[in-house]
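Encoded as structure tokens, the structure appears first; notes follow it.
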């Protein structure tokens, strides 16, 4: 076979790979990465005749996670905290203190979830998995994987951020001063990467809610509308009672699925809103301090590209989380614009009552992301964040020029 033929075959195979399959592979890699860091202490395996994915308890993994997190936190508290407290540079002191406090708070939240809320976490994970199966059973089209093209693009950016984060952290292990210093650095990296997994888990959770809403909306937009349109009078003959009963059952199933998505999404948000808010605020403040260090004190960092990469990676983490939450919120509102009230279907009063209840329930059903009720996550937050950071960069650069530091 010629080289050109081999290239054409390779590109043909790549075209057949769906983004949803690639998204599922990215999620699997992220799951095993979180297990290695001791953040996830449950197993996910296939169970039953249909090979359905289910979350299960894993006592070995749980004890590994608890021992790893407690040992690393103790090492960081004993050896890293005293070093941070005696720093003389105020900017570095603020940045290191925020990083240390955020890591320890998120580590404590992870321990609390693993020790006291394991059943709740497993119930939530299984609810997500059951919802994906339930949504796909509604549709006549078979779908494998996770989400669509938008979810794949966001997950691709996220896996790049995870890889860059891991490379930057592991770089500190290459030049150990002593065995104790190397072990302390390793524990600090595990604690920091574990705390940052909170923001990645939040991203995956909100993106899962968005993917569920998107699949149900697609079913209602295409298949349910076609079914309701078939109930319209053809040749003057009204729809039969059997057709109305089938359509009523589908309407009730849609309402039940929308209610379940909103309930599971809300339980996920309530479970992680405190550690997610802590790490998000710490990341925003750390980004501002780090950008000041890179702009004003560039002589202290030999690799400017790596430092600017960390700044951009912090930007990307905040923006990706906000985009995932906004996707979930906006997808929960799409169903209101489908004009399903135009399909009367029949003159039966019971049918009209059923359709009105369906439409009114969709208008009430809305998913919102409000961390501790302080603000609502939307695209406006991204614009405010970006405009604030651009203004801050401009101010810092002007300050550096005036003080002859640039």
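The backbone N, Cα and C atoms fix where each Cβ goes, and this holds for glycine too.
Please treat TrEMBL annotations as automatic predictions, because they have not gone through curation.
Listed in TrEMBL:
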TRANSMEM  25-45  transmembrane segment
TRANSMEM  66-87  transmembrane segment
TRANSMEM  93-116  transmembrane segment
TRANSMEM  152-175  transmembrane segment
TRANSMEM  195-216  transmembrane segment
TRANSMEM  270-295  transmembrane segment
TRANSMEM  307-329  transmembrane segment
TRANSMEM  381-401  transmembrane segment
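The stretch in closest packing with the transmembrane segment (270-295), judged by the count of Cβ pairs under 8 Å and taken from 93-116, 195-216, 307-329, is 93-116.
The stretch with the most CB contacts under 8 Å to the transmembrane segment (307-329), chosen from 25-45, 66-87, 152-175, 195-216, is 195-216. Listed by sequence, the residues of this chain that lie at least six past the ends of the transmembrane segment (152-175) yet keep a Cβ under 8 A from its Cβ atoms are 19-20, 22-23, 26-27, 29-30, 33, 146, 182, 185-186, 189, 192-193, 196, 200, 203, 207, 306, 309-310, 313, 316-317, 320, 323-324, 327. Here the transmembrane segment (195-216) touches the transmembrane segment (25-45). Their Cβ atoms form 3 or more pairs under 8 Å, with each pair 6 or more residues apart. Listed by sequence, the residues of this chain that lie at least six past the ends of the transmembrane segment (93-116) yet keep a Cβ under 8 A from its Cβ atoms are 39, 41, 62, 65-66, 69-70, 73, 76-77, 80-81, 84, 87, 191-192, 194-195, 198, 271, 274-275, 278-279, 281-283, 285-286, 289-290, 293. With a threshold of 8 Å between CB atoms, the same-chain residues lying at least 6 positions outside the transmembrane segment (381-401) that come near it are 284, 287-288, 291-292, 295-296, 315, 318-319, 322-323, 326, 375.
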